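These come from Swiss-Prot:
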- 147: active site, proton donor/acceptor (ACT_SITE)
- 151: active site, proton donor (ACT_SITE)
- 7, 8, 9, 10, 11, 12, 91, 92, 93, 115, 116, 117, 118: NAD(+) binding site (BINDING)
- 35: NADP(+) binding site (BINDING)
- 148, 157, 158: (S)-2,3,4,5-tetrahydrodipicolinate binding site (BINDING)
């Protein structure tokens, strides 16, 4: 399958190029979208990809787009994909309502998977969080997420996804149960998220379930960002023969 990398100059984009250089499970890098000069040496690739700032040409040259860009960038990409539908795997977070609506429109034309986190470990953390939220009915739930000092969105998309999982298990009103700036006493049907930014932390998420006299903490730490690139490539392979629909990462991992 021919892969197009959108957001190739970013942290995960560079890791995607590195994985594809070795021909990851038969995937071929066919196009790379860049706004400025790309520093990657493509001579090591078995097939020279199209490196372009022409979005339409970039989309036409591939069968699947893997996106790790910025919200505005993804919005522009979706406009191009609506004209020329291709499989989409996106890990871009912090999206506006309009962008999410365009994603739903694309899902009528092509298979896509949008996830705040592409790692198997986070998928498992979500499942454990749902179970703990359901069983520990009297526990107060708090989420702490830590990332590098260059991350732009806070709370992280992964933390918000974990919040949604816990709120759904409890039957809370998802729009009103979230607390990100706590003042005064804690309300019972609330879930807090604290965001920490510093250094070069790839990502750490901890969910605490606090009871009287004891507490449980479930935690996931990313020690290497390559897990996100490999997860996205696995998603591309998984989507290859799927029908048009917006898929969830939990479906991919069974």
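Every residue, even glycine, has its Cβ placed from backbone N, Cα and C.
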Long-range Cβ environment of residue 118 (NAD(+) binding site), under 8 Å and at least 6 residues apart: 91, 227, 228, 229, 230, 231, 232, 235, 249
Largest tally of Cβ atoms lying within 10 Å of a Cβ, found at which of the recorded positions 11, 116, 147, 148, 151: 147
Spatial separation of residue 93 (NAD(+) binding site) from residue 147 (active site, proton donor/acceptor) - C-alpha basis, Å: 14
Alpha-carbon distance [residue 148 ((S)-2,3,4,5-tetrahydrodipicolinate binding site); residue 116 (NAD(+) binding site)] in Å: 16
Cβ contacts of residue 158 ((S)-2,3,4,5-tetrahydrodipicolinate binding site) (under 8 Å, same chain, 6 or more positions away): 93, 116, 117, 122, 145, 203, 205
Alpha-carbon distance [residue 157 ((S)-2,3,4,5-tetrahydrodipicolinate binding site); residue 35 (NADP(+) binding site)] in Å: 25
Three-class DSSP secondary structure - residue 151 (active site, proton donor): coil
CB contacts for residue 91 (NAD(+) binding site) [other CB atoms within 10 A, all chains]: 24
The one of 9, 93 whose CB sees the fewest other CB atoms within 10 Å, among these binding-site residues: 9
Rounded to the nearest Å - Cα separation of residue 157 ((S)-2,3,4,5-tetrahydrodipicolinate binding site) and residue 11 (NAD(+) binding site): 17
Rounded Cα-Cα span from residue 11 (NAD(+) binding site) to residue 148 ((S)-2,3,4,5-tetrahydrodipicolinate binding site), Å: 12
